[in-house]
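Peer 1: The structure under discussion is supplied below as structure tokens; questions concerning it will follow.
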Amino acid sequence: MEKKWKYCAVYYIIQIHFVKGVWEKTVNTEENVYATLGSDVNLTCQTQTVGFFVQMQWSKVTNKIDLIAVYHPQYGFYCAYGRPCESLVTFTETPENGSKWTLHLRNMSCSVSGRYECMLVLYPEGIQTKIYNLLIQTHVTADEWNSNHTIEIEINQTLEIPCFQNSSSKISSEFTYAWSVENSSTDSWVLLSKGIKEDNGTQETLISQNHLISNSTLLKDRVKLGTDYRLHLSPVQIFDDGRKFSCHIRVGPNKILRSSTTVKVFAKPEIPVIVENNSTDVLVERRFTCLLKNVFPKANITWFIDGSFLHDEKEGIYITNEERKGKDGFLELKSVLTRVHSNKPAQSDNLTIWCMALSPVPGNKVWNISSEKITFLLGSEISSTDPPLSVTESTLDTQPSPASSVSPARYPATSSVTLVDVSALRPNTTPQPSNSSMTTRGFNYPWTSSGTDTKKSVSRIPSETYSSSPSGAGSTLHDNVFTSTARAFSEVPTTANGSTKTNHVHITGIVVNKPKDGMSWPVIVAALLFCCMILFGLGVRKWCQYQKEIMERPPPFKPPPPPIKYTCIQEPNESDLPYHEMETL
């Protein structure tokens, strides 16, 4: 009985100290919070205790105290009016025996404004209370700072987009940030990440990109939030071209920083492939095709004959351009050059033709890639191809244009692919229509004349547009639909004084000469095939006759079998023993 009274006395003493410690100290603080209509607000109160937590609650103070939510370490959460507590309040334990009690208010309206009280019951500190005056701003104009940027990057690389864009001096130690991406199909924005930067340096991510764009196949598993609130996109794809990412920073109730970044994607194309199409009569018409694959954005294909850029509209040469867009976003360009034979005398017996692709790359430059060269003789079927040109990257220096009385001669056989700075070049051709896209280029054309041995180096800066033209038919393909544009060009240009040009390109390959009797190669091939068929038929007939002779021959002679030898069995005599007696022996 005495032990029971001792335990009761100790229990009551502890309860008295507990109640005394709880009501010993009360801390009250008050803070004003400003919010705009339709925004989300998070009210947070945090503290650290020496002992343990007893209870935490949120209430709205009007004429009376309306309970919103209660948290007890043993019994858990309770929210009034049957509202779900998962989206309304959160309790987070912080290091060093601390805690954070947050109330989430979504889609702010005038009815939500008022006084909100956060009460923390601690032992042995006592009761701590913090009151928020939530005010709704309806006609307050925020001080916005907007900045727009463009980042150029090649495909399959990692894109890093800073949020502040050199404006860190305008940002305080505590702010709210959010990353979003523009949805071009619906003309809306999709939230990627949202968080809060506290005064003590901690960062809290409220919404991560995994929860909002998990169903998006274009940005899934490619967006991450790095240090200094930078957004990382890896790897970059063709479909990211033109995509706009925006970072919103709210420093205070009246100050918003907004930075938008537009992505521009580039892809280096493959080396263009030039082939000569089969024609029924090469003496009347010759056709060449230049194919460029895996290019983005759109590139330009230009043609050269004996080093002369085809830009003058004359009779004899026609060019048709086609564009195709694949499912992967890459473009495939095709240019067909048709040369019609002219009765005018030519300055040279052979011509060398090739194509060049001019594709834009980051840094306001152009990537020039030349195909192999095809050389053919005029008035015959002889044609050959040179090996592909070497590929180099360099800066192109421009020189004054030559006089109008001198036209450029053949391109050297050891030309190179050059990276041209578009910003340093100026076109010297006629202006293009307003709806055409212009690409300027610079080339060096060495030429020689029969009257002098001096070699001059001249720079031409031709400019060509393939998007639209008053004299040609436009061509664009989307979703595997082909359209084309056609342009007419001239024969090979010559010098004004009629000087003879020398071609230093060596002809290699297989040469097929035309027979003297005028018989074309299809007739020869048909005759050879006919002879082969006759020989094959004769062979089959001979084999059938041989098989028939074998079947009609008489069977071979077989000798008769040898005679059968018969033996005589003698009957037993009376003197012989019977069988059963012989058996007993």
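The count begins at 1 with the first shown residue.
In case you wondered, yes, glycine gets a Cβ from its N, Cα and C as well.
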Peer 1: Of the residues Asn183, Asn278, give the one that Swiss-Prot describes as N-linked glycosylation site.
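Peer 2: When Swiss-Prot is consulted, N-linked glycosylation site appears for Asn278.
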Peer 1: Name the residue from Cys110, Cys118, Cys163 that Swiss-Prot records as disulfide-bonded to Cys45.
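Peer 2: Among Cys110, Cys118, Cys163, the cysteine that Swiss-Prot links to Cys45 by a disulfide bond is Cys118.
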Peer 1: Have a look at Asn200, Asn428 and find the one that Swiss-Prot tags as N-linked glycosylation site.
Peer 2: Asn200
Peer 1: Could you tell me the mean pLDDT the prediction assigns to the domain 'Ig-like C2-type' (269-375)?
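Peer 2: A mean pLDDT of 83 is what the model gives the domain 'Ig-like C2-type' (269-375).
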Peer 1: Using the structure shown, find which entry in Asn107, Asn278 (the glycosylation sites) has the sparsest Cβ neighbourhood within 10 Å.
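Peer 2: Looking at the glycosylation sites Asn107, Asn278, the Cβ with the fewest others within 10 Å is that of Asn278.
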Peer 1: For the disulfide-bonded residues listed here (Cys45, Cys355), tell me which residue's CB has the most neighbouring CB atoms inside 10 Å.
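Peer 2: It comes out as Cys355.
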Peer 1: About how far apart, in whole Å, are the alpha carbons (Cα) of Asn97 (N-linked glycosylation site) and Cys45 (disulfide bond)?
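Peer 2: Cα-Cα, rounded: 15 Å.
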Peer 1: Taking the Cβ of Cys163 (disulfide bond) as the centre, count every other Cβ atom within 10 Å, in any protein chain shown.
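Peer 2: There are 23 such Cβ atoms around Cys163 (disulfide bond).
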Peer 1: Measure from the CA atom of Asn278 (N-linked glycosylation site) to the CA atom of Asn368 (N-linked glycosylation site) and give the result in Å, rounded to a whole number.
Peer 2: 28
